[in-house]
Each structure stands twice: as structure tokens, then as C-alpha cells.
Amino acid sequence: MDQFECINVADAHQKLQEKEAVLVDIRDPQSFAMGHATQAFHLTNDTLGAFMRDNDFDTPVMVMCYHGNSSKGAAQYLLQQGYDVVYSIDGGFEAWQRQFPAEVAYGA
């Protein structure tokens, strides 16, 4: 895959439930602590190395941000690092929280 794909929150949720992909959240620490998808890994410059050690390049990755804009740059970056399949989640955490309020965790 040379280009990331955009995915809606319903399809992202289904991929998570079926363990077909991992979810990363690239928002700032305060926003992440105030609420994030329960299975999200908080991906930052400081946690990128650990994420890459724990997830093979053939693991599909879904990137979540605030509204679905910043995630596009991060998705492209992960492709450049060698990940085969990367998605940017349309609507970001805001859409996730609206559609799946029971699947929001709080704290770091």
C-alpha cells in the first residue's frame, strides 16, 4: 500500500472487534487522558519506538486524531516507516465518542 486509506468509525470499530487491526491515538496527552477509545495505543514521539517493536509491519494500523485531519499525516508517516496497511479514521475521536460512548476510557 503506497497510500493510506480513510475509514469511518463503524468500519474501524468492526476491525477492532475482529482483531484485524490495531488502533493508535495521536492526540496530545491531556486530550487522551480526558477520553480515548478503550483499545487505543497512545502514539507519541516518545512511544513510537515501543509501538514499532510490538507491532510488525504487516499489522494493519488505524490512526485516530481529534477530527480526522491530523491522522492523515501520521498515517502517511507510518507507511513511510514500513507499515503495509494504514488507515486514517474519518471524524477522529469526536466521531468515535458520538457513535461508541460506552467504548471510551479515561486516564492516561
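Using N, Cα and C of the backbone, Cβ positions are placed for all residues, glycine too.
Remember, predicted model here, so these are calculated numbers, not experimental data.
According to Swiss-Prot:
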ACT_SITE  Cys65  active site, cysteine persulfide intermediate
DOMAIN    17-105  domain 'Rhodanese'
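The secondary structure of Cys65 (active site, cysteine persulfide intermediate), as reduced to three states from DSSP, is coil rather than helix or strand. Counting Cβ atoms from all protein chains shown, the residue listed as 'active site, cysteine persulfide intermediate' has 24 others lying within 10 Å of its own Cβ. Per-residue confidence over the domain 'Rhodanese' (17-105) averages 98 (mean pLDDT, predicted model).
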